[in-house]
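Each remark here refers to the structure printed beneath this line.
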């Protein structure tokens, strides 16, 4: 991930920084439409007594669409994002950074693959993984501490979460969340969107810009607020490390650690406060330890 000096705003860069988000929203609607259409015709064929109105009403019920159908829908969405924004990022930002030299394309590619392997296996990776766990503990703690202050908002949020319990445990959903999302969403937000934004605004504003879009992308106020903050942190990590691999590893750790953090830690206010404060300190420490190797790996490619 190269760092761009701020240039006069070009219309194509401004459009480019917003277009991926609009495409993602449109893709969600298209995939949902396809999903409903498939279920509609499937249900009509299996039940001759069904009419179109009853069938659509049945399909739109949340329980009817749980858990596997929603899991496959989310998996399809993340696969589309991975392919779309992976190609987009490669063509505009990655391939464009390859400088013509006397080296063959194969040698250049081998050099980049070696840099990628070195980055993944560097001392930075364990600190990013630990930071991800600390971040998830901190987020869980803050949500538990803040929820009594906004009972109605969090009641709606927890109701939404409870309806997706079956989905989250489905294998397709786990593949989407723990494998594909950390790659696809980093290419999407920290790669394409932040890449365009850095061309015409200061890096700090570009990080904030993609973080806000990352929060909006998650769709509800509670998740959107902390996703915005996490998006800014992921953007900061990608920028300081000068590689999307760093934010991908951190994103992977945050998502995966959800499975291993016991809810009993947050049941008592005092204990929850202590754990949350400790997680905050560890987050700062681990992120600093991961980023302090920046000068040694500044040429590491994504």
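Including glycine, each Cβ sits where the backbone N, Cα and C put it.
Automated prediction, rather than curation, is the source of TrEMBL annotations.
Predicted, not measured: the structure shown is a model, and the values here were computed from it.
Residues or ranges marked as domain 'CAAX prenyl protease 2/Lysostaphin resistance protein A-like' in TrEMBL: 170-256. Summarising the annotation, TrEMBL assigns transmembrane segment to 21-41, 71-90, 170-188, 200-218, 224-241, 248-266, 272-291.
On the 0 to 100 pLDDT scale, the domain 'CAAX prenyl protease 2/Lysostaphin resistance protein A-like' (170-256) averages 92 in the predicted structure. Remark: secondary structure over the domain 'CAAX prenyl protease 2/Lysostaphin resistance protein A-like' (170-256) totals 76 helix, 0 strand, 11 coil, with classes taken from DSSP.
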